[in-house]
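Here's what TrEMBL has on this protein:
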TRANSMEM  B:25-45  transmembrane segment
DOMAIN    B:25-252  domain 'ABC transmembrane type-2'
TRANSMEM  B:60-83  transmembrane segment
TRANSMEM  B:113-131  transmembrane segment
TRANSMEM  B:137-161  transmembrane segment
TRANSMEM  B:168-189  transmembrane segment
TRANSMEM  B:227-245  transmembrane segment
Amino acid sequence: MIHARKLSRNFTVKKETIEAVRGVDIDVPAGQLIAFLGPNGAGKSTTLRMLTTLLPPTAGTATVAGADIATDPAGVRARIGYVGQKNSAGEDYRVRDELVAQGRSYGFTWAGARRRADEVLDRLELAPFAKRKPGTLSGGQRRRLDIAMGLVHRPDLLFLDEPSTGLDPQSRADIWAHILRLRGEYGMTLFLTTHYLEEADRMAERVVVIDHGQIIADGTAEQLKQDLAGDHITVTTHDEADAATAAEVAARFARPDAVSRDGTAVRARVPHATAALPEYLRALDEAGVKAATADTERPTLDDVFLALTGRSLRENDTETPAA
Amino acid sequence: MSMKFVNDTGTVFVREFTPALREPLGLLITMGQPLLFLLLFGSQLDGAVAFGGGVSPWQWFVPGILVMMCLFGPMGAGYNLLIDMMGGAMERMLVTPMNRAAMLIGRTLKESVILLVQAALIIAIAMPMGFRLYPVGVVAGLVLLVVFGVGLGALSFVLAIKAQPSGSLFWIVTQVLMFPLLLLSGVLLPMDAAPAWLRAASVVNPVTHIVDAERALFAGDIADVSVLYGLVSATAIAVVGLVWGTRLMRRGI
């Protein structure tokens, strides 16, 4: 569905060249739900804007839904849907009027566009708001409208740029329920960007981590966590001598460099923490060490990001984007 | 012109026009404003300026007021685009396969339609007051105005695109440009009485030539040389505006 090679984009800001996207290669098979994960300014949106023909690349090529973004942008546009970060319905227009205009933009007849507008209004539970202006809708309703706009022409591939950003948890869950249901109904390929780790973790079949304009990891959330962060077990003892012994014992379960001790706390990275912990405790017993507390930690995608970049995505979340 | 281009232009035009039809009060006020101008200002002209030859001042004033409206309407068209760009509406349209030039022209057509209705109203009101109607000249004059308006509208879109993201550049440029263009064009008063330097400035103002052309056309002088100058000015503005605007949209906003 998507084949991108060496996709790059530079911006010139105050005579300085900024490489926003640096040689992105990506292949997305039909039907996949793929999440682009990265901090603000990592190049997620810029990549998306290139794939959706909004922005010509500085270098590199891509075919999207069978058409080349450079030589046949109209072909790409006809086959993809796009839900941008901002609200896609104009402020001064009624909800249904905008959906009709959207259908017309994709070559529907007026009658066909009206019929389809009513369909998507129903599908996204927006029918009661057909005559309202977007400004009178709640954040979650507006986002549903954006998705409805992106689905009017039944695209095979839908791009969603931060679909749930800025929504309250309930609306986020609601938007996701709609996205997943529609995906089931239409069999679409979904390509979305997010900086919500939990979202990428729970929803996406494949997570692509991007940082400083380059892809730094690509796989299922499980794979990434397993390969790049791993499970950890943590045990504390009553004194440091015990802790030292405990660390030696831990080395039998994990690679020596994956064991660390801090005072009376021993932390070890192991393949499967929940299975390893009981065994480890038994081994400690045999060695005459009494554990005071024991805990397992499953990694999050943030740990993956931390392992890859030395930075936490969460810290980045709260930072304002660099000027 | 392909069918798709015509369809897309129609779609954009209908989208732009629908809110006005949904809330016609704003439309009525827009339509009414030039009439106010005509009655309140035009009536003062009636006695104040001697036009000679027994020509009604309305003959002179009506085309001027139409050009003035043609400046305000299309220049304001960029404002709607600015709003659509600051939200996500423009981006959403750019992702559709819609024709790029149609997106610009469809938007300016709304102003053109309003302008034509306003023109009809103004002429209808001015006729009992002494305005003489030369149908061929008036139709030619309105076509010229629409060409000028589409060009101005497109330039206003260029400005709106360049003014992103804050939009303040749009206001600065339109406010700084609008009145000199208007005052130097002789829309309100004949330039004949102006000092030499002002007249020189007036000659390089494209709006002057359009005003002159409109006056000739509304007086029925279709073959007047000023019509040619006006046509060249309006066409040049339209071509520059549309080429520039379409290019900007292709390159990514």
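Placed from the backbone N, Cα and C atoms, the Cβ positions cover glycine too.
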Stretch with greatest number of CB pairs under 8 Å, the transmembrane segment (B:227-245) reference, B:25-45, B:60-83, B:113-131, B:137-161, B:168-189 candidates: B:137-161
Stretch among B:25-45, B:60-83, B:113-131, B:137-161 sharing the most Cβ pairs under 8 Å with the transmembrane segment (B:168-189): B:60-83
Top partner of the transmembrane segment (B:137-161) among B:25-45, B:60-83, B:113-131 - counted as Cβ pairs under 8 Å: B:60-83
